[in-house]
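Feature annotations, reproduced from TrEMBL:
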- 8-95: domain 'Anthranilate synthase component I N-terminal' (DOMAIN)
């Protein structure tokens, strides 16, 4: 069985669960699979409005969605040191 799907199965029912699958396990470019679920903050943009939801608050803003995203990321207590062997650490994922 596929390892990414194996690890994703227990969390796929959680809100906003997503799997970025890099391909077949034996493919030469398969290096990383990324799993996410149940985020601490969600941003949803429709037309000009971005809704920011956390466990405690929901706010709506007309600010640039990418600026709102950057502000939310900077507010998190997680600021890893860059690692050149990893494609990214922390950050945002969405559709």
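Positions of Cβ are set from backbone N, Cα and C atoms, glycine also.
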Stretch-averaged pLDDT - the domain 'Anthranilate synthase component I N-terminal' (8-95): 90
For the domain 'Anthranilate synthase component I N-terminal' (8-95), residues assigned helix / strand / coil by DSSP: 12 helix, 20 strand, 56 coil
